[in-house]
Amino acid sequence: MKSMKFPKRYLIVLLTFVSTCVCYIERVGFSIAYTVAADAAGINQSSKGTILSTFYYGYACSQVPGGWAAQKIGGRQVLLLSFVLWSSTCFLVPLDPNRVTILVVARLLVGVAQGFIFPSIHTVLAQWVPPHERSRSVSLTTSGMYLGAAMGMLVLPSLVKFRGPQSVFIAEAALGVIWSFFWFKYATDPPRSEHQKATATGFGESLLPTKASQKIKVENGGTTARTSEIPWKRILASRPVWAIVVNNFTFHYALYVLMNWLPTYFELGLQLSLQEMGSSKMLPYFNMFIFSNIGGVLADHLITKRIMSVTKTRKFLNTVGFIVSSLALMALPIFRTSAGAIFCSSVALGFLALGRAGFAVNHMDIAPKYAGIVMGVSNTAGTLAGIIGVDMTGKLLEAAKAEYSDLSSPESWRIVFVIPGLLCVFSSFIFLLFSTGERIFD
């Protein structure tokens with residue numbers, strides 16, 4: 001690696017990108033494998049929704065503790081431990097829909113382990129990445145989620161068909177182990193020269209402190225330590241913070257509902273076989289990968305070239321992304337062909353990813369010192385969206401099945417897609433009213 005021509009921070013960003021990619025292969029892989037196994041075992045849609053949402057309970061519980069652990073132990077070490085834990089769980093747990101207790105415990109463990117990943121990544125990037133690379137670095141890392149989901153949708157249905165649902169768990173565990181090896185070998189803490197670049201203008205300052213340590217000058221030229229408590233009341237009462245929280249909730253509600261229920265929609269709603277759909281089924285997530293990086297590059301360009309202020313840039317991207325996505329979501333059940341469903345879901349997810357370049361980086365704008373706190377709060381809201389949305393969708397579909405006798409009619413699915421569509425409109429309005437790109441917490 002000494003002969004590499006690009007800076008070490010690029011390697012760190014690349015490895016974090018791959019880590020999010022692998023994590024979302026796991027998430028999509030479980031929904032695909034479990035859907036096949038559960039349908040074969042005659043499990044109803046409500047019970048499927050309960051199992052699929054179990055992951056998010058564990059994920060929600062470990063968001064803020066994950067940030068605390070990354071701050072105390074180090075993001076690099078916590079990220080490695082997280083991968084080892086969830087990979088081991090995937091390798092050891094059998095996929096049997098009738099063994100509900102084992103599946104619930106396993107999904108809780110995987111959720112807890114993966115809940116440590118994004119706070120750890122955030123801490124690592126804060127140490128390595130300078131402010132002028134902020135939007136595109138974060139966008140590239142998070143776009144790994146969507147590329148992972150696309151790859152999972154492309155490859156894993158065939159793996160299930162030829163090797164069975166359990167093979168998905170083995171493949172995911174292997175990917176986790178391989179990534180862990182590369183991270184262990186190549187990831188390091190930044191040298192002081194790189195750390196100074198990252199901490200310029202406050203980026204990388206103590207992201208999840210229990211007490212914020214500061215140094216102040218004294219008359220003889222030395223320094224003395226001063227601590228200040230985290231301004232919890234100000235943070236929780238801040239309208240810009242809640243604008244981020246609301247949009248994070250909506251983004252993940254739409255994403256998790258589509259991620260967990262699109263396989264069922266294709267199979268039962270449109271009577272399409274995932275294996276026979278070929279590469280088209282990966283397009284919605286691949287579109288997210290493309291638009292996420294477009295959003296990051298565009299945001300940095302608009303800000304660094306002074307075309308728009310940080311505030312206007314965040315509001316512009318968030319509004320365009322969420323409004324277009326809402327239209328596509330509400331139109332989705334109208335289209336009854338494979339091409340129409342792929343087009344609508346691709347537009348919906350692609351523009352959601354574009355909107356993420358508005359709200360997702362905004363916590364670093366308004367509170368660089370407490371970015372981990374704001375991120376933990378907003379990510380917890382996003383995870384609650386997964387619990388609510390995925391579980392409620394199963395219950396809605398079970399009720400629709402009782403009313404319409406099956407799930408092949410568009411009426412059975414309309415409410416499933418209208419809810420996130422309306423949430424997108426509401427969230428974009430809240431972000432326009434209350435968000436800002438200015439630092440409000442020092």
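Here the Cβ of each residue, glycine as well, is placed from N, Cα and C on the backbone.
Noted in TrEMBL for the protein shown:
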- 12-439: domain 'Major facilitator superfamily (MFS) profile' (DOMAIN)
- 77-95: transmembrane segment (TRANSMEM)
- 101-125: transmembrane segment (TRANSMEM)
- 137-156: transmembrane segment (TRANSMEM)
- 241-262: transmembrane segment (TRANSMEM)
- 282-304: transmembrane segment (TRANSMEM)
- 316-334: transmembrane segment (TRANSMEM)
- 340-359: transmembrane segment (TRANSMEM)
- 371-392: transmembrane segment (TRANSMEM)
- 412-434: transmembrane segment (TRANSMEM)
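Counting C-beta pairs under 8 angstroms (sequence separation of 6 or more), the transmembrane segment (340-359) reaches the transmembrane segment (282-304) with 3 or more such pairs.
Note: the stretches the transmembrane segment (412-434) and the transmembrane segment (316-334) are in contact (3+ CB pairs below 8 A, sequence gap of 6 or more). By the Cβ criterion (under 8 Å, sequence separation of 6 or more), the transmembrane segment (101-125) is not in contact with the transmembrane segment (316-334), since fewer than 3 such pairs are found.
Simply put, out of 282-304, 316-334, 371-392, 371-392 has the most Cβ pairs sitting under 8 Å from the transmembrane segment (241-262). A Cβ distance under 8 Å defines the sequence-distant neighbours of the transmembrane segment (316-334), meaning residues of its chain 6+ beyond its ends; these are 247, 250, 254, 269, 291, 295, 298-299, 302, 308, 340-341, 344-345, 347-349, 351-359, 410-411, 413-414, 416-418, 420-425, 427-428, 431-432, 435.
Across the residues of the domain 'Major facilitator superfamily (MFS) profile' (12-439), the predicted structure has a mean pLDDT of 84.
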